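So the structure is just underneath, and the comments pick up after that.
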Amino acid sequence: MDSSDLDKGLTIDEIIAKCIQSFDKDGKLSDPKLVQMFLMMHPWYIPSGDLAKKLFALSESGDNVERERICQFVRFWISEFPAEFDLNPELGEQIRDLKRALENKGNRRESSLIDIESVPSYGWKRQVTQRGPGGGRVRKTSLLFDHLDPAELAEHLTHLEFHSFSKILFQDYHSFVLHGCTVGNPVLERFIALFNGVSQWIQLMVLSKHTPQQRAAVIKQFVQVAERLLQMQNFNTLMSVVGGLSHSSISRLKDTQSHISPETTKVYDSLLELLTSSDNYARYRRRFATCKGFRFPALGVHLKDLMALHVALPDWADKAKTIINISKMRQVYKVVHELTEAQRLEPPVKANPDLLNLLTVSLDQYRSEEEIYQLSLQREPRARSTQTHAKSPPSPSPPLEEWASLKAKPDQALLCQHIEKMVESVFRLFDEDGDGHISQEEFQSVRSNFPYLCAFNEIDQNQDGKISKQEMTSYFLRASSVLDCKMGFIHNFAERTFLRPVSCQHCRNLILGIYKKGLKCKACGITCHKHCRDHLSIECKKRSKSVSERGESMEKGRHFFFTLPRSFRRSTLYPDLREEEPHMEDDGVFDDHL
């Protein structure tokens, strides 16, 4: 690659010509880095369909040598990025047109180089609801989370998150960088929801225990999980686990802290030190750079890099937007290439499909920050001396904030299939006597996996003292509907006195009178009568207070905002935080755009 050309930049046509000229008649590449970089990065500058049209036009006007090089270029494109041709039918058809045109002109040798029909299906990369592949022997005792080996739990968490990570394509990164959020990006949205789900599930598992000793034992177990994740070089799930353990609802549990051993504290501190954001995550970057074999990057850090590059450097080197800024292209390519290389290596673990089903549902047991904090207060109430302090809430999740304020909402049919399969797993694993029902004793084992499962009698609809598959399926479907499929963002209503006429979004009647109180959602601002609350079917769409570079308001709607880890506290397992009363803004809760 001529460095002088790169320094001054290249037009689209110039870089296409350079890529084509990199191939000899035998298909050998003289500059593979340039070709690989352009084929990955070209959608940033030109749609794939337009690139295919340019190649078609060049093949029509070129000589035999030129046509053969073009076909070698297309062949390399298909071999390196096959998913593009399966997931983009228009692009696939354009390449077929090129192949047919070559055949019609008698260029069968060149045409034979283009084999698009052998491209496998990549539809699974666009499926948001995930299913784990089979493997492993069913062991009932290992599926109780209280007794699950930390290494095994770390491996299954790795399997779940990496499966979701492997679906992310270049177009998803590109969309995220352009919008600054996951608008219209369900694959990345689901990945973020899973990341947040792990963090929140850890908080719920700790808070599900009633004594400080039990909670300390759960914390120790998850620190051991984090150790195993580090051994596996899974930095993404490691960040999620550390974020859950350092959440303010856990860090305020002083009685629990007193039962955590110095050894556990030392391990935890070392993990915090590794993941600190100091010097732009320098410690994590150094550690990740030395990794060989399977490695799972902390995606949030690398997305931050992409955002920073996009904001700092222009796409084009001229005002007319005809000359590509090759410097930016190379830097963005380096980040994305590192992520795509990590996707190629499968984790060296075998997954138990029944455990994956239970774990997936457990991770989707959505609770609001306020609900979790209130549960924390129930476990360890405030000391009297702290009750007079404080008007603003503790930071909701130091050191690692959630990436998103919204969970992905799955297709209803897929949700039903997922719940039915999960129920089958529950009965296969916990129906000890094989009578097709869950007894009260067996129900206690099931509840270990779902700390906030309702009472036995509420699931046992016919009150015969046992739960059938139909009753359990019905319960989960019912619960999913109430909680917006356990993954959606439900309304966060608060009483409000309206000083001007406001209409109810359910019955459309006015909420009138100075002393007439109604309800207003703190997230999306929707209003309704108290008696209409349970009948309201409108989805909560959290408002954005974001401003683009041009000062324009970002699009309001159902999308994600991404927040990165902040600096970790280093001295102790949990810093001495002053407890403060949870507080919400009167007019709404907003997300800040990067």
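Every residue, even glycine, has its Cβ placed from backbone N, Cα and C.
Taken from Swiss-Prot, the feature domain 'N-terminal Ras-GEF' covers 3-121, and the record attributes it to sequence analysis. Swiss-Prot lists 377-403 with the feature region 'Disordered'. Annotation source Swiss-Prot lists Ca(2+) 2 binding site at Asp460, Asn462, Asp464, Lys466, Glu471, citing sequence analysis. Summarising the annotation, Swiss-Prot assigns zinc finger to 490-540 and lists sequence analysis as the type of evidence.
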Where Glu471 (Ca(2+) 2 binding site) falls in three-state DSSP terms: helix
Sparsest-packed among the binding-site residues, when each Cβ's other Cβ atoms within 10 Å are tallied, from Asp460, Asp464, Glu471: Asp464
Any further residue of that chain within 8 Å (Cβ to the Cβ centroid of Asp460, Asn462, Asp464, Lys466, Glu471) of the recorded Ca(2+) 2 site: His437, Ile459, Gln461, Gln463, Gly465, Ile467, Ser468
Lys466 (Ca(2+) 2 binding site): secondary structure state under DSSP, collapsed to three categories: coil
Residue distribution over DSSP helix, strand and coil in the domain 'N-terminal Ras-GEF' (3-121): 87 helix, 4 strand, 28 coil
Close in space, distant in sequence - Asn462 (Ca(2+) 2 binding site), Cβ under 8 Å, 6 or more apart: Glu471
